[in-house]
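Peer 1: The following feature annotations were taken from TrEMBL:
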type: DISULFID; residues: Cys35-Cys99; note: disulfide bond
type: DISULFID; residues: Cys48-Cys109; note: disulfide bond
type: DISULFID; residues: Cys79-Cys89; note: disulfide bond
type: DISULFID; residues: Cys156-Cys217; note: disulfide bond
type: DISULFID; residues: Cys187-Cys197; note: disulfide bond
type: DISULFID; residues: Cys295-Cys305; note: disulfide bond
type: DOMAIN; residues: 9-110; note: domain 'SRCR'
type: DOMAIN; residues: 118-218; note: domain 'SRCR'
type: DOMAIN; residues: 225-326; note: domain 'SRCR'
Amino acid sequence: MCPVPGPRLRLSGGRNGCEGRVELYNGEGSWGTVCDDMWDLRDAQVVCRQLGCGQAVAAPGSARFGLGSGRIFLDDVQCRGDEPSLQMCRHRGWGVHNCGHVEDASVICAESDSNLSLMLVNGRNRCGGHVEVHYQGSWGTVYGDSWDLREAQVTCSQLGCGRAVSTPGNANFSQGSGEILFTLCTCKGTESHLWDCQHGTWSSHNCGHHEDVSVICSDPFAPSLRLADGDDQCSGRVELYHNGSWGTVCDDAWELADAKVVCRSLGCGEALQALSEARFGQGSGRDILLDNVACTGVESSLEQCSQRGLGTHDCYHKEDAGIICEDTHLFHFL
């Protein structure tokens, strides 16, 4: 079963994809902004790295790149600067804020002097998905007739996502929309940017979106989710993968709304129980990555929920959180 993709990130209103107003996509058809309360360069650094835009140069507030529209998704964001995504930073919770769009947060990244930027779309995290390039003010997909691990390696390296693992073709992560901007011929595998490889004329092609190229990287830093030591993949101790290893979630404030988000993320149906006190055993030797998780139940991923910040906790593994989803065998617990 495939997990539901988490929110996408973009910068709007700037000269290119590496500067502008910070916007998140909720996976349900809507983009929203981030409030500038407590917004600083550490938060901007996470955004710039997530977008493959180099170092953060500035973290402007007060709607520097214009007022956004729609909802405000995050407020009181407090990153350390090394988190793999903005949603993994400490914040008030998805959609919880006391702001207006005059407080929309922005970033300016080092790569903003370039008209080009890169991201992967519709994967389980930022290090997998179909390839999109930002060129002359818009995002579009990439076609590559000889796309293989050399081209994929350039993509993964540019995004800071480790080594290339595979190159699923035929729009494996769903077809893109809009223009096909980039026809790639071949890479040596050592280029710094995908557009440094041999390629055709921009926006010139005879392809369809069913030929969009995709990449899966080894992804040593982007978080993913699993349930451990349960009867099957839909029950067990909640664990997140971060920085090369799996870690657990503390059961402080853990309840059914939190379990609901995990079950939905894993494609396991509705949540039946939110279990505490290491019901599925202690995750000994692992880091405790999240504490005081407080979901409303409508979030598309656990990192969207309010929490203390990645790796910040006052717990022991005897407090590891677990869940049981409806798509599991319950006989052991009945």
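Just so it is clear, glycine is given a Cβ too, placed from its N, Cα and C backbone atoms.
Please treat TrEMBL annotations as automatic predictions, because they have not gone through curation.
Relative to the rest of the structure, where do these features sit?
Peer 2: Other C-beta atoms found within 10 angstroms of the C-beta of Cys99 (disulfide bond) number 17, with every protein chain shown included.
Of all the Cβ atoms in the protein chains shown, 23 others lie within 10 Å of the Cβ of Cys89 (disulfide bond).
Listed in sequence order, Cys127, Gly162, Arg163, Ala164, Val215, Cys217, Ser218 are the same-chain residues six or more apart from Cys156 (disulfide bond) with CB atoms under 8 A from its CB.
Counting Cβ atoms from all protein chains shown, Cys305 (disulfide bond) has 24 others lying within 10 Å of its own Cβ.
The average pLDDT computed over the domain 'SRCR' (225-326) stands at 88.
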Peer 1: May I ask for the distance between Cys197 (disulfide bond) and Cys48 (disulfide bond), taken between their Cα atoms and rounded to an integer number of Å?
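Peer 2: A Cα-Cα distance of 23 Å.
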Peer 1: Please report how many Å separate the Cα atom of Cys187 (disulfide bond) from that of Cys48 (disulfide bond), as a whole number.
Peer 2: 25
Peer 1: Among all the protein chains here, how many other CB atoms are within 10 A of the CB of Cys197 (disulfide bond)?
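Peer 2: Taking all protein chains shown, Cys197 (disulfide bond) has 20 Cβ neighbours within 10 Å.
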